[in-house]
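Here is the structure we will look at.
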């Protein structure tokens, strides 16, 4: 039962952090590319890799921080919806392809780097 509560608490914190980062990025950047999603997904991948590489998977730490906070922070569903939005009438195939590839490649590199440091 404690594990479920830790995941819930962490997930709430991660979701609020994502909302704050999204709001800040929308105010700071006037970009056609959704920068906030890139920031949260790549940073989350780096931290998850670090935790995997350093065996920081204590009984309470992993459910709270990785599953909860980082699960609430990172977002595959928002990435998917942003990609669908890029398929609008002003569709730019190169923007769609580059954004898609960069999300997955940089996320993997960040996770790998986090694991190795």
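Glycine residues also receive a Cβ, built from the backbone N, Cα and C atoms like all the rest.
Under the DSSP three-state reduction, residue 71 (Na(+) binding site) is assigned to helix. Under a cutoff of 8 A between CB atoms, and with a sequence separation of 6+ in the same chain, the neighbours of residue 71 (Na(+) binding site) are 7, 10, 11, 14. Here Swiss-Prot flags 71, 74 as Na(+) binding site.
As annotated by Swiss-Prot, transmembrane segment applies to 1-21 (among others), with the evidence given as sequence analysis. Only residues 6 or more beyond the boundaries of the transmembrane segment (1-21), in the same chain, are considered here, and those with a CB under 8 A from a CB of the stretch are 36, 39-40, 60, 63-65, 67-75.
Here Swiss-Prot flags 33-53 (among others) as transmembrane segment.
Annotation source Swiss-Prot lists transmembrane segment at 61-81 (among others).
Among the features that Swiss-Prot reports, transmembrane segment is placed at 94-114 (among others).
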